[in-house]
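Per Swiss-Prot, the features are as follows:
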MOD_RES   S2  N-acetylserine
BINDING   T57, D131, E156, K186, D190  substrate binding site
BINDING   157-159, 222-227, E243, N248, 299-301, N346, H353  NAD(+) binding site
MOD_RES   S183  phosphoserine
MOD_RES   K186  N6-(2-hydroxyisobutyryl)lysine
MOD_RES   Y193  phosphotyrosine
Amino acid sequence: MSDKLPYKVADIGLAAWGRKALDIAENEMPGLMRMRERYSASKPLKGARIAGCLHMTVETAVLIETLVTLGAEVQWSSCNIFSTQDHAAAAIAKAGIPVYAWKGETDEEYLWCIEQTLYFKDGPLNMILDDGGDLTNLIHTKYPQLLPGIRGISEETTTGVHNLYKMMANGILKVPAINVNDSVTKSKFDNLYGCRESLIDGIKRATDVMIAGKVAVVAGYGDVGKGCAQALRGFGARVIITEIDPINALQAAMEGYEVTTMDEACQEGNIFVTTTGCIDIILGRHFEQMKDDAIVCNIGHFDVEIDVKWLNENAVEKVNIKPQVDRYRLKNGRRIILLAEGRLVNLGCAMGHPSFVMSNSFTNQVMAQIELWTHPDKYPVGVHFLPKKLDEAVAEAHLGKLNVKLTKLTEKQAQYLGMSCDGPFKPDHYRY
């Protein structure tokens, strides 16, 4: 691998801009800054060779530099062909950290980028930090000889976690993994509050559409769907939910949303957002019944929720309006506006989640990497969670920035509740 490129980004000349953006983001990411303060001297990740496959954004750049500060060697690729922020990638490359990512990769380039992160100067990767499971799957299928040397996987997102559990059930998973997604300070913050802000940002930047007065259809009412529905309602849209789960459907109904099927909702909606992580949510028969210039987008991890293939094969005309905005004319004369080719709209058409909420998620990632690297005996092959105490520590690290003052339990109160004054304050099954 001696002839490997030290990095490949769109434009290394963007590094100075990227560095300015990182400086601002650091001030909004108190959890990661706390990790640096606490562990920069002890370097708990010394010896770790972390291959990361996660959206190469400004926030991710702060995560990468935190991992390096804690002693790790790091090589990086993005987990989505459109999600890289080129100035952030340039800043990381300029800092001497191998990164292989640019906005607008082809599928072939995407795979090439991931493969560049597998071998370091001192040997192959020994840790995985993944978002969506593409790196994990690639190692298990194409590079199984590397598996014995890998100490652990930390997985960022719902789709990747589903993949891990599926692999475990089928006896395919060969490496211990920590499910970062289902840490409370990830799923109840990044998935909900992050999407609540970044969805609208993506739709607005792509289309400049007025949301007030429109009918918005949100497929799925998990944490991501909840955040999207709140945002659209907040901007004045009438929101319709589609759901498979009776509990989530009841939650949506109790919040005042109409809940129906996509076969019915497709005739009413002006804006469609898929959030499910499942295949075949919006199909050809739905497109054919949509209103003229219906806006269709996805905020789930992969591009499988919207049948983009059907659009490309059946539309009479496809006009590219601007990057990641395409207008299809159907045989019935009506048009469909598709954002980000059915991939993540908030990263394809905007800048993704704000730095503060990503600090929650990425502090969990750092803790997961430290746990797996320093305590391998605690984590046999399987899918694990971070301890509740660490989840609470992530939240606590972010309170000062918001000027939050916690009430402290007295010894008498703690004894009455049967817990320590310092937590954990909830049982593992508590849902928040």
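Positions of Cβ are set from backbone N, Cα and C atoms, glycine also.
Of T57, D131, S183, K186, all annotated as recorded positions, the residue with the shortest Cα distance to T159 (NAD(+) binding site) is D131.
When other Cβ atoms within 10 Å of the Cβ of G300 (NAD(+) binding site) are tallied across all protein chains shown, the result is 28. Distance noted between the C-alpha atoms of N346 (NAD(+) binding site) and the residue listed as 'phosphotyrosine' is 13 Å. Nearest Cα neighbour of S183 (phosphoserine) among the listed binding-site residues (T57, D131, N248, G300): D131. Other than T57, D131, E156, K186, D190, the residues of this chain whose Cβ falls within 8 Å of the Cβ centroid of the substrate site are, in sequence order, L54, H55, T157, V180, N181, H353, M358, S361, F362, Q365. Here D131 (substrate binding site) is positioned 12 angstrom away from G300 (NAD(+) binding site), judged by their C-alpha atoms.
When the binding-site residues G225, G227 are scored by other C-beta atoms within 10 Å, G225 scores highest. Counting only same-chain residues six or more apart in sequence, the Cβ atoms lying under 8 angstroms from the Cβ of D223 (NAD(+) binding site) belong to S187, K188, N191, L192, C195.
A 10 Å radius around the C-alpha of K186 (substrate binding site) takes in these binding-site residues out of T157, G225, G227, N248, in sequence order: T157.
In this structure, D131 (substrate binding site) belongs to neither helix nor strand by DSSP; it is coil.
Binding of substrate is attributed in the record to T57, D131, E156, K186, D190, and the widest Cα separation among these residues amounts to 17 Å.
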